[in-house]
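One structure is given below, encoded as structure tokens.
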């Protein structure tokens, strides 16, 4: 089913009309679900944009690294799944590190460190092949987990510091929605990339996805330069 299929065009049209209708209703609502004023706040917008990027990157990692281990490296399902263990552990560890750094180092600097970790991890993945030692994949997932741990929890704190108490619930709800949306978008985009390049083999298809994660990591790093420098001890 191609993009020019009437069903696809119809669904896209319905989606656009629904979005426009939602915005018009929310602008006039006394107590809107998503206050339009949130989209005028640069900090909230940038935090949600970053959520979109890292969420899409995360779903690509979780979905395709085990597939790479099993289909390309010849590991069994358990060994391939274990490749994500450093990712999960370092994500948790990165979150603890953020807890110590918040109030001492500016938010944007912590996010830059996280984005650099993501870039290094994704770049290393692009050099992987069927003969790559498992330990290199573990190193990549560890770096990716650390990057996520330094960025994702901080985005929540960043949003909370940019909105009033009245808008706090709506702002966090919006971020939660964007996080869910990012995973749906990530699955779709990476699925399209895989379907295009996997005609030449599974390894080439997943390798193209790894290159896509590098692009997302670089965009994430670039976006952090637009973040306000909140979080220093003086500002607190």
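Cβ coordinates come from backbone N, Cα and C, glycine included.
Database features, via TrEMBL:
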TRANSMEM  6-25  transmembrane segment
DOMAIN    44-236  domain 'Major facilitator superfamily (MFS) profile'
TRANSMEM  45-65  transmembrane segment
TRANSMEM  85-103  transmembrane segment
TRANSMEM  110-129  transmembrane segment
TRANSMEM  135-159  transmembrane segment
TRANSMEM  180-198  transmembrane segment
TRANSMEM  204-227  transmembrane segment
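If you look at the transmembrane segment (6-25), the same-chain residues 6 or more away from its ends with a CB under 8 A from one of its CBs are 36.
Against the transmembrane segment (45-65), stretch 180-198 shows more Cβ pairs under 8 Å than any other of 85-103, 110-129, 135-159, 180-198, 204-227. When each of 110-129, 135-159, 180-198, 204-227 is checked for Cβ pairs under 8 Å to the transmembrane segment (85-103), 135-159 comes out on top. Between the transmembrane segment (204-227) and the stretches 110-129, 135-159, 180-198, the greatest number of Cβ pairs separated by less than 8 Å involves 110-129. This prediction places the mean pLDDT of the domain 'Major facilitator superfamily (MFS) profile' (44-236) at 90. Same-chain residues lying 6 or more positions outside the transmembrane segment (180-198) and placing a CB less than 8 Å from one of its CB atoms are 51-60, 63-64, 204-209, 212.
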